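Q: Take a look at the following structure, please.
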Amino acid sequence: MIETIHVNLNNYSYNIYIGEYIFNNMFISSIFLKNKNNVLITNKKIEKKILKNKNQYFYKILNKIHYFSINDGENYKNLYEVEKIISFLLNNLYGRDLNLIALGGGVIGDITGFVASIFQRGVNFFQIPTTLLSQVDASIGGKTGVNHILGKNMIGSFWQPKGVFIDIKFLSTLPKKELLSGIAEIIKYAIVFDKIFFIWLENNLFKVLNLQKKELLYCIKKCCELKVKIIENDEKEIGNRVFLNLGHSFAHAIETFTGYGKWLHGNAVSVGIIMSSYLSFYLKYLKKSELLNIINIFNNIGLPIIGPSTMLPLDYLKLMMRDKKVINKNLRLVIPVSIGKVKLISSIKENILLDSITACQERRFFS
């Protein structure tokens, strides 16, 4: 059975398809086979696993599509890789009737979407996310872009895909650390929107991590539905879509400081959400019991709860001042005020912010 979620964005609407072996479906496979101007963008690792090893299920569809592979990893999410893709497209005489297909995780999706948004002033693209993180978050909503040496995702655009195709069979090829990275974003959705979902996760996260089909499909669908509800009302992040950035200001600081790719994005988000939770506690919003519940859910599943030991609180502040949510040099952060509810705050006193980072690093109240 294939679940379908419609994303209603007027002229930019599309469907998200979720299931197992979804490319066996004639309608879905025809989307990729009927157009001769499809180009699939992937990375070297996926090329080796699926395209060159002739994986029977995926290969029968994907081997019929022209593809181009780039280097794998967050450290390759840059303008150099963008230029390589564009050169490939121009050398092969592709025009504005091109359809790009992103086959990979968040990095491939972000780069492919960005290329689609700028190549000949915009072409269509589709998302086939292959990681848990990209299936529950990164492939949906039209955020595209690349990193700059001074900050993560500083060069980008909003460019909606024409469709998102989520097949859980891809997840069986992932190492546990990649699955855990996706778990962090799943927990984020529960903290931001839904306390009942948070309680469900406390009881079912290990089933999701072990790719048990019923719980996994429920979880992916739930996250997609929550994100779709937000982006339908705030596509360009001028309102409540900013809530999806819970923990990300701290997380992007960690990723920039340590060097892109050294910390998995989900691991950095885990720490970032905990730092945001300490900040909320010290601002007298979040109860201590809920702070500990948040720390526990990340810790129990095996995600990090403290940042890099070499990174000082002032290092976070310096990098966070380049965050996209900064307005008039005023840092704005999303914090949980309770499990299932968040708010955007500004004019944060530096000493409270520094103490919140220190408290996280010291595992304060948590043993």
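Even glycines carry a Cβ here, placed using N, Cα and C.
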Q: Given that Swiss-Prot annotates His248, His265 as Zn(2+)-binding, name the residue from Glu185, Glu202, Glu215, Glu350 that shares the site.
A: Glu185
Q: Sequence gap of 6 or more, C-beta under 8 Å: which same-chain residues meet both conditions with respect to Glu185 (Zn(2+) binding site)?
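A: Counting only residues 6 or more apart in sequence, the Cβ neighbours of Glu185 (Zn(2+) binding site) under 8 Å are Leu133, Val136, Asp137, Cys223, Gly266, Val269.
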Q: According to DSSP, which of helix, strand or coil covers Thr131 (NAD(+) binding site)?
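A: SS state of Thr131 (NAD(+) binding site) = coil.
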